[in-house]
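Here is what Swiss-Prot says about this protein:
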DOMAIN    5-184  domain 'Guanylate kinase-like'
BINDING   Ala12, Pro13, Ser14, Gly15, Ala16, Gly17, Lys18, Ser19  ATP binding site
REGION    30-49  region 'Disordered'
Amino acid sequence: MSTRGNLFIVSAPSGAGKSSLISTLLKDKPSDKQVSVSHTTRKPRPGEVDGQHYHFITVEQFKALIAQNAFIEWAEVFGNFYGTSKLVIEQTLDKGIDVFLDIDWQGAEQVKKLMETAIGVFILPPSKAELERRLTGRGQDSQQVIDSRMAQAVSEMSHYAQYEFIIVNDDFDNALADLSAIIRSQRLTCASQQHAQNDMIVDLLAD
């Protein structure tokens, strides 16, 4: 008997390595876990594919979906809207697939109100200096944008205590191992195993 998938909320300030950790994690047994593809009104970055990285839509389309109550969470970040489809999340979890939401603390708060079993993971950088170095190293943003992201990072990180797990991404491989351990542990909880191993447990306890 297969068990329902777990919903993981993964948050971090921009530049902490959250997206890299999630994408690397998904390369291992991608059939049992996937990242939720959010809707957004921002323009695609180089290399991003519509429907794979995000569903890129207009502001008008996004507001129409809000009116339809189609999102489990949505937020405005740096002047752009981001949202996560309710229906897609539920259908995926019912298939026994773990789902990862790459969202900020505001979105996490909304999701937790609707799905109390969601598991929060916050990724922290080892220092502000390292975070700024990573943002600068991308070569994508102006100094003004980087300064704005650094200010936003402090605000984002102040909400770390709202999450069940904290990972410091000082060493990428260690951070990846920590994230993998969290996911594995949730598959081994009593509630999950009671469902997944029901037939075996019934047989073991039979007279």
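Heads up, residue numbers simply count up from 1 along the chain you see.
A Cβ is built for glycine as well, from the same backbone N, Cα and C atoms used for every other residue.
Taking the Cβ of Pro13 (ATP binding site) as reference, residues of its chain lying under 8 Å away and at least six apart in sequence are, in sequence order, Pro125, Leu131, Arg149, Gln152, Ala153, Val154, Glu156, Met157.
Along the domain 'Guanylate kinase-like' (5-184), the predicted structure has mean pLDDT 92. Neighbour counts of Cβ atoms within 10 Å were taken for the binding-site residues Gly15, Gly17; the minimum is at Gly17. The Cβ of Ser19 (ATP binding site) has Asp102 as same-chain neighbours under 8 Å, each 6 or more residues away in sequence. Each of Ile123, Pro125, Leu131, Arg134, Asn169 belongs to the same chain as Ala12, Pro13, Ser14, Gly15, Ala16, Gly17, Lys18, Ser19, is absent from that list, and has a C-beta within 8 angstroms of the C-beta centroid marking the ATP site. Here the region 'Disordered' (30-49) has, by DSSP, the following mix of helix, strand and coil residues: 3 helix, 5 strand, 12 coil.
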